[in-house]
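Marked as active site, proton donor/acceptor by TrEMBL: His139. Per TrEMBL, the feature active site, proton donor maps to Lys143. Annotation comment: TrEMBL describes Gly14, Ala15, Arg16, Gly17, Arg18, Met19, Glu41, Gly82, Thr83, Ser84, Ala109, Pro110, Asn111, Phe112 as NAD(+) binding site. Taken from TrEMBL, the feature (S)-2,3,4,5-tetrahydrodipicolinate binding site applies to His140, Gly149, Thr150. Look at TrEMBL and you will find 9-112 tagged as domain 'Dihydrodipicolinate reductase N-terminal'. Annotation comment: TrEMBL describes 115-249 as domain 'Dihydrodipicolinate reductase C-terminal'.
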Amino acid sequence: MSDQTEALRVGVIGARGRMGTEVCKAVDAAADLELVATVDEGEPLSALPDAGADVVVDFTRPDVVMDNLRWCVDQGVHVVVGTSGFTPERVGEVREWLAAKPGVGVVIAPNFGIGAVLMMQFAAKAARYFESAEIIELHHPNKVDAPSGTATHTAELIAEARAAAGLGAQPDATAQELAGARGAEVEGVRVHSIRARGHVAHQEVVFGGEGETLTVRHDSVDRVSFMPGVLLAVRKVVERPGLTHGLDSLLD
Ligand SMILES: NC(=O)C1=CN([C@@H]2O[C@H](COP(=O)(O)OP(=O)(O)OC[C@H]3O[C@@H](n4cnc5c(N)ncnc54)[C@H](OP(=O)(O)O)[C@@H]3O)[C@@H](O)[C@H]2O)C=CC1
Ligand SMILES: O=C(O)C1=N[C@H](C(=O)O)C[C@H](O)C1
């Protein structure tokens, strides 16, 4: 009997995009994974189960990802989702779909960069000790959504930690404001989005307290930074039915 295990069969939606291209290369280069199908806009999702995909990876757009995800879950295919736009409502909806498909696993990660995951954890840990917290995220100008999914998720984590610590609203005397000058408000945390060439994906979380500030910063300078996280999720999702939100529990 051979001791070789069969390669996990992987399909990619959004395969010709910036992230999809990297994912295809990373899957191709992994001995335990086989790239069996790629789908882009206008191409049928049926190519994925037709090719026998065990796991599908989605890096598309916030306005199409829910339809893709629903379709894959209905087909009983595991999914790893990197596409942004996952509000708590969307996450709840996915959980409901999965309750009706007990064998299927979905991993949704706002950011697959290991450094980014740590940056969010550090920010969540620091949040209770500072009266002020604001987020600055910087991305390439082709990004279609703002604020980024990472910034939104970080704001939610900070808000949760502040609430648990009994912190109230942040001090801010602004009485006159040019619209947008104070950024977008996510769960009481201000988020400022910069879009400029020369950037890939970067975030600073700036905390302020009595006589001190703390800045936690992460930089993805190349999209290869996301690949170890994506491949980890692809390998793990098949043994994790239900929803895994964020990479944290896969890293532990
Ligand atoms: N979680 C993470 O770690 C990361 C998440 N992201 C997120 O991933 C997403 C993709 O980013 P990026 O690769 O830069 O974007 P791109 O625009 O480069 O890629 C998106 C791809 O999806 C395709 N697409 C659009 N609609 C459909 C559809 N209905 N079915 C199949 N394919 C479709 C696009 O095709 P076409 O161009 O022809 O429309 C394009 O090839 C974004 O939401 C981004 O925020 C990005 C980096 C890391
Ligand atoms: O569009 C991007 O590039 C990225 N999108 C994700 C987000 O919205 O947080 C992850 C990373 O920031 C890169």
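A Cβ is built for glycine as well, from the same backbone N, Cα and C atoms used for every other residue.
TrEMBL labels come from automatic prediction, so no person has curated them.
Positions of TrEMBL features highlighted on the structure.
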residue	record	CB count, 10 Å
Gly14	NAD(+) binding site	24
Arg16	NAD(+) binding site	13
Arg18	NAD(+) binding site	13
Thr83	NAD(+) binding site	25
Asn111	NAD(+) binding site	27
His139	active site, proton donor/acceptor	22
His140	(S)-2,3,4,5-tetrahydrodipicolinate binding site	14
Lys143	active site, proton donor	15
Gly149	(S)-2,3,4,5-tetrahydrodipicolinate binding site	20
Thr150	(S)-2,3,4,5-tetrahydrodipicolinate binding site	25
Distant-in-sequence Cβ neighbours of Glu41 (NAD(+) binding site), under 8 Å, six or more positions away
Thr60, Val64
Using the alpha carbons only, what distance in Å do you get between Asn111 (NAD(+) binding site) and the residue listed as 'active site, proton donor' once rounded?
14
Closest by Cα to Ala109 (NAD(+) binding site), out of the recorded positions His139, His140, Gly149, is Gly149
The rounded CA-CA distance in Å from His139 (active site, proton donor/acceptor) to Thr83 (NAD(+) binding site) is 15
Please check each of the recorded positions Thr83, His139, His140, Thr150 and report the ones with a CB atom less than 6 Å from an atom of ligand 1, ordered along the sequence.
Thr83
Using C-alpha atoms, which one of the recorded positions His140, Lys143, Thr150 comes nearest to Gly14 (NAD(+) binding site)?
Lys143
Taking Arg16, Ala109, Asn111, Thr150 as the binding-site residues, the residues having C-beta under 6 A from ligand 2 are Asn111, Thr150
Nearest by Cα to His140 ((S)-2,3,4,5-tetrahydrodipicolinate binding site), of the binding-site residues Arg16, Arg18, Thr83, is Arg18
Of Lys143, Gly149, Thr150, which recorded positions are close to Arg16 (NAD(+) binding site), meaning a Cα within 10 Å of its Cα?
none
